[in-house]
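Enquirer: Please read through the structure below; I'll follow up with questions.
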């Protein structure tokens, strides 16, 4: 009708409708606008008035909500859920149908700033929601008329339900069936945790008629004024653990009288009417249901075990709710896997029915804000995986550094984000971030006080690219003007959203002027809320949907600085930005560019950039680095090159087979292998090298040849060594043609002999070439060869004696001729005339001597005269000469004899006669330096331990006149000790000062004040035994094998110095740094004699389980016995500090070792290392390896540690770090009284400041050194019991062969001394000289029982005979340290037994000074043994 009359006059009804609109609608709209403005002003007043109240903490949740209650700032909310489609048909009528999934909240009981807006948030969050993923909190609803119908569709809550301060009279959850209780609510004052908790509410009824199951947690009701019917509910039917509900009512007024349940209700009810009767599916079941659910009372009416809250039938499809997972109307224990095994093909294949586990639901695809990992929807990837396209995939190499988010950013946690790429969680910057605050723990105890955060420290976020949760900014500070430190942030995933307004990016009431997050490309989930920022510009012009992933994501940007004021202030986008807006001022802050984008900066044209080109209509890109100008991508589009051009490409340098010719690459000569020019030689402008080259005699290259060419005539082929460093270095590893020897025309190597020279330049003589034939040769010009002439010829024309030109001796003419002729050549040469021509004729000078048949005239007389003259002349010369020589010799000998007699007379008269002959030992002088320091230079700290004659302190050495502090350990000799202890003290200093090695504890100095002190390096990390026990999970194979190698190196050094340690164990190896260990305890080390390889001890405790059998039986100690102890020490390391033979008594060890007992193979130890350890435990000492061999073996192991030790997680083990700050703290503790201005120095750097730099294992020692086992107890307390692993004074029976001995053995398997004191021991102690001279009987002890003669225990005693009171002893006749008797007799050592010393105790086995210093006495009837 309206269409037919559209051109005619308006009908009357339409006029009335228009009038009604003018009268009613417009005033209503105006009133609504006025109400909105008034409400807005009221809201600002409420926010300002409630700023302090925002921090109000309810007593059960104060610690969890200290970040400011004003977080609930929302002014509006849009629902943000995940809809999961279902394939159920309507005819199934199954109640378990998932629809919309909503995210729960975590704000507990925090008070909202605006309760009306709080109600709107709840309404928008849960409208049409059927599945709450998290907690459902219904709080602070004081208006009893509020509509709660938005709760009608909720069927399942995965967390807990909290109802607090709700005044609505009736709260109804008509379809709620199950509360899973995966997260529970708890009051801090009580231990109970609740899945349903109702408190301080004035509602009359809480109606949940379909609630069937609470899988975890309890139910509680606390101080509810009017709530009825809750006490009638049979909670054991609902709560899975079967407990009853918790009720508490503390008000003075009595509880409200509640109406009775409907008559149709068999037990309890939720409210009035039959629909609120409690339903039962557990208490009414048959016993055959085994405590599960049922759908009837009969035995066969039990629900499936996967059902929760009851069922309608016996199968998995009949469940009302699922206990584990819901998969298309079927309850399952697990979701269908994404991959399944194919038994036919034996491979894993993709499962077409596979689904992901999301909460208690199986879904085909995970929600957009979650990640896929191993068939589950997760919020973050595990440590070894990274997010790639919404799926967790293994990292290719190191994973991007991921840091956990924080509830509030403050000065205490900001440094944890340094170098982070991904923040797994949320970032919140609040007012207290910049003002500081006092932390309060969940148990209401005071936490740390955080200082205000300097805004400059926020630069740590410059490396962050992703935030998996949300970013919340609510802080103000004068310097907090922008978010430029998030300039590299690319994605906010929003896997966790703020409870108010579902915000992923929320900036409220901040002091920001601009955002400047120029690289933010996407907000995957959640809304954008930017409100009440009075100085913030630019945000209103940003097109937020361009960076939001889903269209339903909301944006609230309002009540910031007005656009006209921003424009007035000039805080507007650049003219190069398009309508999408910008993050701040500048052309690099645009979301998109109006013209062109060049590396994130907007420009008007690509021509403004010299080395850029137009990639497309919107993008400029930089030219290739080798292009100075270009017209496209790649080095082949260059218009001008930066370096050189090779064909169509610009390159940084010419390829190997080309050279640079004024910016263009030209081909090298064909024979070159790389070049700088066109020539075919080697040098500038020629080849760099070539495969084959002809060289001159001066080793310069004449020209290059091709690889397959042959050397020309006159040259030979020669290989150039790869290490060549001379003029032929460019040809190293290649070949050259070297010129033959000048005497050789054709050759195969340099030389002129037949083996290398095939043709001579001039002549050949035998096997070598000659320039010309020698005089004793003749020349064959045709063959150009020299032949040897006849021996009797002087010049010849042939090889025979008849070819001579002249003779060496005599000519022999033909016998038929009557006489020689001057020009006759018919003769032979001979060395001796024949009998028939035995006469030599010298008459003809031109002919020379020749053989003749008859003598010449007067030849006989002439011959006789010549012989006589020779004898006369010879005799006349020789006889006088001999006589003169004899006379001179006699006179010299007489003078020498007189001079000796004069010297002897002079020495006798002057008293300088030396009757003692020299006995040179050929041993060099010990020139090691021993530094002496003053007592005032030392600052002692706490006691590290005690020994038999001293204490060990940690301390600091401050050298006088120098501004330096050195951490040291100070060993101080007690004043109560005697002279013998002082001697032993100095002997230890002598040994430690004489030996210097990187793996031996270094003696720094000695203090000779009233109390003698040794100053050594301070080992900050204690002994290696404790270190491996305390850091077992952090020690890898590399560290273990490095320590083993270092111990072997230190012991190899002692072996070279002929020192026997005697007590090598892990407890006597100290740790300076995690990479450096040092062997300690030289107090028991003994120097071997130069003519002996063993040392025999007469007393002292012995670590039985660390010693070789010969040590236990005969007390014989050698370097090979140290090898046995080394094997046990390495076994301790590989077992991380286990005790050897822990369950075997020490008294049984000798017998068991003799029958083949060995330590078992450690779990992490390979067979290679264990075989090495077994070689150290050979019963025959000669079969054991040396320490030099062990050093080589373990160094080889350390090069491939993973091959020889199998430690779980080896690659992830990291030893504890040791920082310079720890060093400074230690110095502050050790020397608190110093002014602190001194610099900290390493002991090695201080003592050797000019050492050449090089690799060194020395590091700073700045930590406290644990107690050394060597100094365990106060030696003055002789009755004390140690009670530890190092000592045990109880005696034990030890077996040696078939002999059983009752010997004292301590708990650490140390064999106690067996010698007993003589009856006059006390007197001898008071008079050592008398004791030394007296003969003391040998007491019956261990050494006597086994029949081994007692040996010299202290050879160094002979060095100090006067000190020890042996004044009458003859001077030793051998080297220092080698005890030798001065007469024909022998020597016997008689040692007193322990017990005669009143101060002796079990812990003195390291400092057994009385036994070690016993004087030696001579006995002519005994034999010397060393």
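Just so it is clear, glycine is given a Cβ too, placed from its N, Cα and C backbone atoms.
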Enquirer: Under Swiss-Prot, which of the candidate ranges 827-847, 848-868, 869-889, 890-910 is annotated transmembrane segment?
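Expert: From Swiss-Prot, the annotated transmembrane segment range turns out to be 869-889.
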Enquirer: Consult Swiss-Prot and report the residue, out of 482, 1407, annotated as N-linked glycosylation site.
Expert: 482
Enquirer: Have a look at 599, 1042 and find the one that Swiss-Prot tags as N-linked glycosylation site.
Expert: 599
Enquirer: Would you mind telling me which one of 617, 1279 Swiss-Prot calls N-linked glycosylation site?
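Expert: According to Swiss-Prot, the N-linked glycosylation site annotation belongs to 617.
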Enquirer: In this predicted model, what is the average pLDDT of the topological domain 'Cytoplasmic' (890-1426)?
Expert: 67
